[in-house]
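Scroll down for the structure; my scribbles are underneath it.
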Ligand SMILES: *[C@@H]1O[C@H](CO)[C@@H](O)[C@H](O)[C@H]1NC(C)=O
Ligand SMILES: *[C@@H]1O[C@H](CO)[C@@H](O)[C@H](O)[C@H]1NC(C)=O
């Protein structure tokens, strides 16, 4: 009895809410006025847009926003577009300075962010895009860094395009876990081919991944590597960074060797000299010689400690003699080997 009047009474409000809801849904599902829409596809190419269109149909699978003036991608609006498979934002002025991710775009397989103003890629940037196959980042000259873990969550990636960016280094680890990666475009970057680049250049040559225009991909820095293709740079770096010794190093090594040699010779000579001085019967002081002769006739009768001492000294002098002969040999060899 009661609810009928109440429902009748409140029905205008209900209708307003319903109408608003309908309008919102309709807006959400209707094509943005600047763009053209076909089945599941919204095309806003080259419409001088400065802001992201707010009324993109939620079921859209393909969204083209290329050649506009978009400075950023709005997180919230984008997070509703969970049917999106293909997103083209190329030729805009997108920066994504914040730790950006693409929440909700769980079905996205192709993302084109080429020709924008991206500066770096972190492990968060694409962390939500687990289905991504193709990523186009080419033509972002301000992009100087791609973090090692940047594609950690994008294990399906098959194509990556970073042609024409500002990269001077990349780490092989960035791509090593991408088992499905087939094509990686890295041309026209200011590659800095110093020793830090060696590991990456080695990986470039041994991996199965294809690098289109690899022969034309060249180093920019340092000066003496400028213009060298990355393939040639690898061999050059291998020589420069792994086996190369500077002239100072050779001098240092020679000096150390000579010191060891001199020290050894000196010690050998000293030990030999002392041994001879101590045991030579005629050079011995008179009283010790007599005592030695009268008490102990021969080595076997020397006291135990004396015997040990003698044996040690004999051994020492033998070693020393061997060493000095060796060094003399080395000396002669050096003399023979020395250029006339
Ligand atoms: C963006 O990249 C995709 C694939 O990488 C390509 O199909 C598309 O044509 C590109 N957009 C423009 C405007 O070149
Ligand atoms: C990336 O996009 C550019 C145009 O913005 C296009 O020329 C290039 O072919 C695309 N790269 C790939 C791998 O599709």
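Glycine residues also receive a Cβ, built from the backbone N, Cα and C atoms like all the rest.
Cross-referencing 190-219, 220-249, 250-279 with TrEMBL places the feature transmembrane segment at 250-279.
Beyond its flanks by at least six residues, the domain 'LRRNT' (30-62) meets 68-74, 77-78, 80-81, 83-87 of its own chain at Cβ-Cβ distances under 8 Å.
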